[in-house]
Amino acid sequence: MGGMTVLKLYNTLTREKTDFRPIDPKNVRMYVCGPTVYDFAHIGNARPIIVFDVLFRLLRHVYGTDHVTYARNITDVDDKINARALRDYPGLPLNEAIRHVTERTETRFLEDAALLGCLDPTVQPRATENIPGMIEIIETLIAKGHAYEAEGEVLFDTRSMAEYGQLSKRNLDEQQAGARVAVEAHKRNPGDFVLWKLSAGHEPGWESPWGRGRPGWHIECSAMSGRYLGEVFDIHGGGIDLIFPHHENEIAQSRCAHGTAVMANVWMHNGFLQVEGRKMSKSEGNFITIYDLLHTEKFGGRKWPGEVLRLAMLMTHYREPIDFSIKRLEEAEHLLSKWPVHGSASGEADPAVVAALTDDLNTVAAIQALHALAQKATADARHLGAFAASAALLGVEPKEIELDEAVVQEIDGRVRERLELLKSKNYAEADGIRADLLARGIQLKDGKDPETGERVTTWEVKRSQV
């Protein structure tokens, strides 16, 4: 179906939604900025993880599972990591402390992503494994007049690129310096940003033509995307907060180093996330990690399944701001509870679900179509294959519900009690037991034993309110 389905994607670069035409349909390439591994991922970080996982699934559906390359980096060199290492492991040499921080944080991130139902990206490069590529790009930028050395740093000269500010639509004269760069006298322009900086003796560093040092924030992604996807690739994604300065500076570095008209053809950004109507922050007391949500009772007094968090995120279009709340999680859980548990996703995905997703990842419409299909599948098992394949596109797949043994025994007892009531023709009380169990998500099925002809009753969990 690859030649038949056309995706429409909103491109931040052009501020338009247009047909997506990959450079090479046999190798569609997407890069998404991954975590800086100094702290555990919070629910705001979960949004791009989930959104671009859905896009990855959709691209694989349209172009084939072997024809999509998805790169999501791990930033494991950063001053925030250094600070966290000094705080958490004061008795260790800094490099060893840094390794402890990055390894534990990366491991937790990958566990979180898996519990949110995300596929592994094709490649997950670490910044520390790509330092030579960064140095090479910086050397090229200096040689081409786009970068300069000053007081132990190598800086990008923003005035050297006529189209700087194109992504964020900022005029260079109006711009403030980048988020991680202080305005200092040694800069030619206030907006010039660091490509390389010298490291003190105790700090992590790599040998370079400019002395032992470490890379700036932005050069890392230019090097890793270029290495794994090429000088120009199809899609670059991330949160809306990365448009400036990070993505703007990535574009400047890559285009000026490679002499290309674009870095990526399509730039996609997911919207901001608030918690219960307020900006999420530690000072507000509403800072929630993915781990906290899934494994503790810090939010709403209970643990939440990963598929509930995932569906709650997808119930808002990815470009819209999202207000994350207990109510939203409850709504997502209620919706999931009405969907059939299924096995293999061997059917054909529902055209209405595919059509919604190919319209700039309209997950809201896709969920509505999936819910309609769920109702059909509940009534007629022939629709289960289509439901399973469609749910797999969203990565939201209802799980089998495991009940405590005590609950199972209690339900079995109620079923036996009902059978006795039916034998004595006490239908009203028997119907009352059926209704009580159904209200808890337990559906009874009456039949006959083929050998004895006696009435038998089986039950199954249809909803998650048990």
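Cβ atoms here come from the backbone N, Cα and C positions, even for glycine.
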Where Swiss-Prot places motif ''KMSKS' region' among the ranges 279-283, 294-298, 409-413: 279-283
Of 35-45, 145-155, 222-232, 233-243, the range Swiss-Prot labels motif ''HIGH' region': 35-45
Of CYS118, CYS221, residue recorded by Swiss-Prot at the Zn(2+) site of CYS33, HIS246, GLU250: CYS221
Contact set, same chain, for the motif ''KMSKS' region' (279-283): CB under 8 Å, 6 or more residues outside the stretch: 42-44, 273, 324
Rounded inter-Cα distance in Å - CYS33 (Zn(2+) binding site), LYS282 (ATP binding site): 23
Residues close to Zn(2+) site centre defined by CYS33, CYS221, HIS246, GLU250, Cβ within 8 Å: TRP217, HIS218, GLU220, SER222, HIS236, GLY238, LEU242, HIS247, ASN249
Candidate with the highest Cβ count within 10 Å, taken from the binding-site residues CYS33, CYS221: CYS221
Chain-internal residues, separated by at least six, CB under 8 A from GLU250 (Zn(2+) binding site): HIS218, CYS221, SER222, SER225, HIS236, MET263
Overall pLDDT for the motif ''HIGH' region' (35-45), taken as the rounded mean: 97
